[in-house]
Every structure is written in C-alpha cells, then in structure tokens.
Amino acid sequence: MLARVTRKMLRHAKCFQRLAIFGSVRALHKDNRTATPQNFSNYESMKQDFKLGIPEYFNFAKDVLDQWTDKEKAGKKPSNPAFWWINRNGEEMRWSFEELGSLSRKFANILSEACSLQRGDRVILILPRVPEWWLANVACLRTGTVLIPGTTQLTQKDILYRLQSSKANCIITNDVLAPAVDAVASKCENLHSKLIVSENSREGWGNLKELMKHASDSHTCVKTKHNEIMAIFFTSGTSGYPKMTAHTHSSFGLGLSVNGRFWLDLTPSDVMWNTSDTGWAKSAWSSVFSPWIQGACVFTHHLPRFEPTSILQTLSKYPITVFCSAPTVYRMLVQNDITSYKFKSLKHCVSAGEPITPDVTEKWRNKTGLDIYEGYGQTETVLICGNFKGMKIKPGSMGKPSPAFDVKIVDVNGNVLPPGQEGDIGIQVLPNRPFGLFTHYVDNPSKTASTLRGNFYITGDRGYMDKDGYFWFVARADDVILSSGYRIGPFEVENALNEHPSVAESAVVSSPDPIRGEVVKAFVVLNPDYKSHDQEQLIKEIQEHVKKTTAPYKYPRKVEFIQELPKTISGKTKRNELRKKEWKTI
C-alpha cells in the first residue's frame, strides 16, 4: 500500500525567490513572497503592510496540497518530496505531493464508504509518528469530517473521556491501543466505526492496510466553507480536565501560514522536522499546515522514545534545514557533546510549548552557531508572539506579536496597560475578530464566554511588554505567587534554579505561610551526580544561587527534592497538582 522508496540523500534545490499563492489563498501574501530575514528588519512597517482576505470557501487539501501537486507536475517547484519518513530500523518512505494526494484520496474513500462517515462526523485519531497519521489528516480534510487527534500515551480512562465528550463517530488507532478502545466502546453510543493500522486483523475493526489495497484514488474533495469546523483539539489539561478547542478550515488551514512564512521562514526548498507528539496542536502547527502551505518537505522520525543521540545523529545525517522542538528537548541536547556532530544543512531552529531558559539558548548557540527562535501560542491560537529572523532576539522574551494579532497587556477591566506593567496577555477580537483564533470550547459556553474581557480574548497567561515592544511571559494566571505583597511568577525562579548545576528540573508553586500568607516553594529534581550530597547544605546553596541570580525576594524559602515532576501527557509540568498538595491541609 505504502510503497517504500530507496534511500538516498535529497538533492538540495535552489530556493525559490517567489512563491505563487494560488486562487483563494492569494490574499494571504500581499507580495506573493516567502519570508526572508529583511521582513523583520523593520517590524512595524512589516506588520502594518500585512493584509489578509478570507475566501468564503476554503479547503486545505484542495486549495493548497492539490495546487502544489500541479506546481510539481509543471516543474515549478523544487524536487523536495512533500513527506519524508524514517524510523530507527533504517526504513524510509518519501512521497511527492502527487503521491500524497493519491494516497489521501484512497483514505478519504475508505472514510466515506467503509466507515460510512458523512461531512461533519467526528474522527478520533490516535497514532504514533507513522505515515498513516498524515494520510488521515488529509483524508479528513477531503471528506469534511472533523479530526480529533490524541496522543498514544492515553490510558483507557483517557480514551473513554475523549470518546464520550467528543461524541466521536469513528476512531483510528493501532493494535497497541485497540484493546483499550474495545474495553470502553460499549459506553460510547456515537462510536460506530473503528479503523486499525496493523499487519493483523482484529474483530470488529476495519484494517486500513487491507482497505487501501482496494480503494480507489478517485475522490472529489468536499467544498467546505472557511468557517466550518475542521478539527477539535484537546488542551493539555494543566489546570483541570482537558477542554475541546474547535478550529475551522481557515483558523488553522489559512491562519498557520503566519507560522510557516514568518516564524519558521519556510520556502519550497526547505526540509522541516518537528518533534512534537502527534496528539497535540503543535503537530498541526509544524508537521502539517505550516510547512505544506509553504510547499516545504515534512520530515519525521518515528522514535518510540526520546533519544538525544538519535536526534543529533538525524540532524547530522539528513538535509534538515528547519528544526522545531520543545525546550525540554533542547535542554537535553545541550547536555551532550554536540560539537562532534556537523549540521551541514540546518539553518533555523525554533521552540514553543513552554518558555525556554536563556542558559539553554546560549549553550545551543555556542555549540551550533544557531539561535533558537522562541514562539508563543496556544491550542486555541496560531502563533501569538515570536522571535522572527531579522529581528533582535532578547533572551527569555517571547518576541513581538505575529502579523495576525494585535496583542496587548490588559488589566482586570480590559484596559490596556503601559509598558513594564504586568497584566493578562490579551488578543484584540473587537471590532474585528482576527483569523487564527479558535471559535469556541465545544459544549462549554461558559468557559468560552470567560475568555472574553472587553475587546480582548484573554489567554490565561500573565506577562508584560517592555519599552521596545517585546513580550515577556510571567506565568499562567493561576500560577502567580502572592507573597508579602509581591507578585512572583514561577518561570523566573525556575530559570534561576535550572542554572544551578545540581538541578535537572524544577517547578515553583505557592506554599502557605503564617506570616507572609504564602511563600515560594521549589520542587527540584536533582542531577544524578548530586543525589548523594548533603541535602540541607545543597538547599542553602540553591537558595543563595537564586538570590544572586534574580530579585532576592523571589528565592524559594522552601525546597523539596523529588524523583520526578508531575506532568501532563503533553509533558507540561502540572503545577496545579503540586500547589494542591501544598494547600491541602489548609
């Protein structure tokens, strides 16, 4: 079904200086050019010139992917593949845009015929980084079915919650998770179709590999309005049960062009590798829409578990030009001897998900000669702020607002605050709601309404803007610590902690105190070399280090060493769980 092609290194194609923007997408780029560093040498002028027109009808598969197929056939695109997959066994697979189109149309016919799905039906997709995950994404676009990704780390309880809350009609997964689905399927009244990606058959499941052998690649893409729901993403659940975030064909299908063009700086000649788990919106950001709207190659490595040396070897062996990974990954990579690897093709590195500490970016730059361009966004949005090529990077800053959004710091009444004052990070949505923003939380109107304050969508994050227009993250609104009249964000304290050689990871929360009301408490995971040290002495050393690194009133008056931090399935620290533990006796 999925033909394996022989291994050989990609020939570097000369970068196109111009990118034709097809049909309904043309309004995205006023000058029809891909991003270049000089775009942001004059940030204000660039942002002012940015224009967007949203067409009434838009479907990413038809209006972008199929158009790249036409460019490819006409020889008007570099010879990069659309998709390049490898695994640890040395197997490789590459598809052109034409092959991607043919295979995804077969998959679309399976959804419509074998699964009896109709436009608007909901499809939960739980697969690791296998080629079928990308085909399923495009097949859902072609059929107008609503994609709902999930991570392979979900438990049986998690799967039940997602099936029931989303009212999913179909689930696509592998033989590892199929037993968990079968165990809860009888409790999910809307579920009527199950597809398995496996070499083996399973009772009650359609086998995708077998169905693909007989499916037709003749399929007419549905005509979707730009504001139809395209996908539902579950949030990571850092402050409670995961919410269902609805995105339209335009909010991600068009909105993520801002990411691809400006933040990722992609052209049709680029090979982009994003290491995000397939269950999260970040994979939609950087493994589907952002690279493909620019005609770039999506590269992926099916690593069953995180292996720093495998990542470094892959960056060295393959012609990857743009690399995107989480701050935790970069932190682990810089602990290795990077200088023994040569990244001959790599030219641009980005990170998102959580703030990246300045010490990590400095180590990466010293070892590779490359900056890490941090970006800030949410499941609910495309890129909100970013450090863009051609712009001065301020280490630790989220950068400046993306061209898509008017971002401000606002107070509790929705008034805009001046530079230097901490407040809530908001995106202006009135009088004109920007593209690239979710529509609502599914079946949760009260939560949707709570995100609006005056003319702004409130992100739930605290921050401030400096005099140069750069935004700085302080904390999730509910993570801020109030001690003796001071407002303390955990991120700056964690930054200071993580710079101490004994600290592998840390999380900072509030802890009750009879005099100050609450104080800063640090939960610290020690590096192996320090686990045998005298803990009382080590606590004093760490506290003194923080006092010297940041404002003394922010130092953790309480320190507890733990084996590991509690984290969400997406790898984000669950500070709320640590905070509840501290306050449970009050």
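These residue numbers are counts, starting from 1, taken along the chain as shown.
Just so you know, glycine gets a Cβ as well, placed from its N, Cα and C.
What Swiss-Prot says about this one:
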- 1-27: transit peptide (TRANSIT)
- Lys73: N6-succinyllysine (MOD_RES)
- Lys106: N6-succinyllysine (MOD_RES)
- Lys157: N6-acetyllysine (MOD_RES)
- 235-243, 374-379, Asp461, Arg476, Lys572: ATP binding site (BINDING)
Return one of helix, strand or coil for Gly377 (ATP binding site), based on DSSP. strand
Count the Cβ atoms, other than its own, that fall within 10 Å of the Cβ of Asp461 (ATP binding site), considering every protein chain shown. 20
Using Cα positions only, nearest of the binding-site residues to the residue listed as 'N6-acetyllysine' (Thr235, Tyr241, Gly377, Asp461): Tyr241
Helix, strand or coil for Thr235 (ATP binding site)? Use DSSP. coil
Using a 10 Å cut-off, grab the number of neighbouring Cβ atoms around the Cβ of Lys73 (N6-succinyllysine), all chains included. 12
Expressed to the nearest Å, what is the distance separating Lys73 (N6-succinyllysine) and Lys106 (N6-succinyllysine) at their Cα atoms? 20
Rounded to a whole number of Å, the separation of the Cα atoms of Tyr241 (ATP binding site) and Lys106 (N6-succinyllysine) comes to 36
Can you tell me how many other Cβ atoms are located within 10 Å of the Cβ belonging to Gly377 (ATP binding site)? 25
